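Annotation comment: TrEMBL describes Gly80, Val83, Asn87, Ser313, Asn345, Leu464, Ser468 as Na(+) binding site. Feature annotation from TrEMBL assigns transmembrane segment to 74-91, 103-125, 146-174, 228-247, 259-290, 310-327, 339-360, 452-472, 493-518, 524-545, 565-587, 611-635.
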Amino acid sequence: MDKKSVNVKGPYSHNALTVSNNTELDEDGLRNNGVHMMREIPSEACFAVNGGATGPGGANDTGENAGWESKTQFMLSVVGYSVGLGNIWRFPYLCQKNGGGAFLIPFLIMVLLEGAPLLLIELGIGQKLRQGSLGTWNMIHASIGGIGIASTIVAFLVGLYYNVIITWCFFFLFQSFRSPLPWASCPTVEIGNVTVPVPECVKSSETAYYWYREALDISPSIDETGGIKWWMALCLLLAWVFVYFIIMRGVKSAGWVIYFTACFPYVVLTIFFVRGITLRGAAAGLIHMYKPKMEKLLDLATWMDAATQVFYSFGLAFGSLIAFGSYNKPRNNCVKDVIFITCTNALTAMYASIVIFSILGFKATAIHDRCIDGNKKVLRELLSDKYSDISNITDNIYESYMKEHFPDEKSLNGSAFLDCSLEKELDSAAAGTGLAFVVFTQAIVELPASPFWAIIFFLMLLALGLGSQIGTMEGVVNTVFECSYFKNVRKELLTAIVCFISFVCGLIFVTGAGEYWVSLFDGYASTTGLVIIALLEIVSVMYIYGHERFSADVEYMTGYYPGWYWQITWRIVGPGFLCLLLVGSLIEKVRNSPVYDAWDSEKGETHLLPYPGWCMCIALALIIVGIVPIIAGWLMDRFNILGPSGRPRSASTTMRRIDTAASTRPMMEDYEVTEYRTDILPDDADDMMEGPLRMAPMKSFRMEVIDC
């Protein structure tokens, strides 16, 4: 039996404990068994220095971490974390794929019913309990403490491959300082005495060849590792060095980086917007993307895509938002923060899609025009007696001839004419890395002063990637720092160890098969596990912590009691949508054979290959590793097994008064500490906390804290 003595003073002093013999109802309407235990509530002076959090980085911290320097820093950090690469290269693709403007309907519905409610839960519970992800769920109930560990593991796995995307951005940024751009034309080789373009480049395109062969030097399949590519390994090392110096001391070391990662992307988007809408073909791109196809709303896949996009674009269930909220002042209005962040996230996605498709419309129009010029040259050769020069063939003459002789696409087979379709060029827009490093780079080549546009584009991607990576890894390091094993380790050293391990593990992503591994991790490490974690988070807060208590907490922090919209989405709609999303993702994985896009150098294009069996074992392990801590935490609490702190998870902390006078001997009995309280100070407590406590002296007495 472990014993330690504490001194307990008056009920309104720091670390106050009030004890009575009578079981009564506290302000939440919960039985307190005669005990209120209150953690230290920092004064306004403490908030001015470190944000006031009593978890890692707060008033009780040892200086390894700190709270937000200002409200602006907090808002920009969350915006930089939430608004990431998915807003730039995934949302426009989903709009195009799922009915154009019609996709905005399910997207906005999911933002209101899924995104905003979950965002308020994570920010609110972190701000109220003033703990990171691990401490928050342990404080709510020991049996759900595994949620914090699970979210940290998933965030770590995502951080591994997400930083590789930043690595690719670094590589392309460095190459963008060359003029002309290295992906503007195909390289040449000498065959005999003749210099010809590389056949692989001719069969694909300049940008596709540069991406797959020059940048990645990709292997034909995931079975062939292809060795570590040293140029990418150096860029990966640089990426982790950047991340380390940004997060090594938590939010205190972020500084100006937060302002850059949050604000710079909007500057670049605005520059591209002004340039894009003035380009020929921009209107065609915008019409193609936003032209509504209402029949797509009847497709369940459209709603699943909308729910998935909202879930990942907000960065939910990683634990980072809980950590961000814990650095806030207790009376920060988190409801206003959620409204602002939600609107910013949704509007940024739509704004970015306008910019992207105005540029892609220009690119498609330029390619379409070159295709028609080629066909006109063929037509002039066929009708040389009639047209001496290509300029004599007007668009009307060309279109009349093509409609007469080639009424459909099949009739072009075997002819010297190419199928010049603007619609097909617009449909060729890709998502993810294909959009950023192949399609959009080709559009940049078409712009005058292309190196300038390439530099600011990849700087924008770098800022977006770093903003999200900072939040992801801050959640990981915050949780590790909360573990009792590492309490005496300096934050800088602990962060360095985490980043070094991440760099070593990430070397697999800079091999010849690196992009295939990124696809595997993206498809399995960050899908099922995150949805399960988010579902358990909302159920735990609503039905274990209690929706009435959480609503009262929100009212205490903001002065606003959550109304029917929040209550319905928290208690019914949110869990329901997450269950549907989980079932839908599992059905999709079962119905569709797991495949990946592999590069075929002979044909100069990608083709689908099935994952080998050993890869699927790894994929299954990636899913399981994000779920096991949740089950393990419940079992450890259920069977009273030692937890990370070295003490039984279900132990009751009993306090016994041992130094008493004879007159107080009848008070010697055990009391169980049932909960932490942060809101039991009297109405004038704020005035009391601004200076020295003006209270009548109260006699101290010793208590034994007995862990049994």
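Each residue, glycine too, has its Cβ placed from N, Cα and C.
If you take the C-beta of Asn345 (Na(+) binding site) and look for same-chain residues 6 or more apart in sequence within under 8 angstroms, you find Val79, Ser82, Val83, Asn87, Val111, Gly115, Ser313, Phe314. Under 8 Å from some Cβ of the transmembrane segment (310-327) lie the Cβ atoms of residues 51, 53, 55-58, 66-68, 74, 77-78, 81-84, 86-87, 91, 107, 110-111, 114-115, 118-119, 122-127, 129-134, 136, 148, 151-152, 154-155, 158, 251, 334, 342, 345, 349, 468, 471-472, 474-476, 478-479, 526, 530-531, 533-534, 537, 581, all in the same chain and six or more residues away from its ends.
Non-local neighbours of the transmembrane segment (103-125) in the same chain are 78, 94-95, 97, 136, 140, 296-297, 302-303, 305-307, 309-311, 313-314, 316-317, 321-322, 324-325, 328, 334-335, 337-339, 341-342, 345-346, 349-350, 534, 537-538, 541, 545, 550, 553-554, 557, 566, 569-570, 573-574, 577-578; each lies 6+ residues outside the stretch with a CB under 8 Å from one of its CB atoms. The C-beta environment of Gly80 (Na(+) binding site), restricted to residues of the same chain at least 6 apart in sequence and closer than 8 Å, consists of Ile258, Thr261, Ala262, Ala463, Gly467, Ser468, Ile470, Gly471. Counted over residue pairs separated by six or more positions, the transmembrane segment (74-91) shares at least 3 Cβ pairs under 8 angstroms with the transmembrane segment (339-360), which defines the two as touching. Within 8 Å of the Cβ centroid of the Na(+) site, not counting the listed residues Gly80, Val83, Asn87, Ser313, Asn345, Leu464, Ser468, the chain contributes Val79, Tyr81, Ser82, Gly84, Leu85, Gly86, Gly315, Thr348, Gly467. Beyond the transmembrane segment (228-247), the same-chain residues lying 6 or more positions past its ends with a Cβ under 8 Å from any Cβ of the stretch are 163-164, 166-168, 170-171, 174, 215-217, 253-254, 257, 466, 469-470, 473-474, 477, 495-496, 499-500, 502-503, 506-507, 509-512, 514. Within 10 Å of the Cβ of Asn87 (Na(+) binding site) there are 25 other Cβ atoms, across all protein chains. Here the listed stretches are 146-174, 339-360, 493-518, 524-545, and the one with the most C-beta pairs under 8 angstroms to the transmembrane segment (452-472) is 146-174. Here the Cβ of Ser468 (Na(+) binding site) has 28 other Cβ atoms within 10 Å, regardless of which shown protein chain they belong to. Using a 10 Å radius centred on the Cβ of Ser313 (Na(+) binding site) and all shown protein chains, the other Cβ atoms total 24. All protein chains included, Leu464 (Na(+) binding site) registers 28 other Cβ atoms within 10 Å of its own Cβ.
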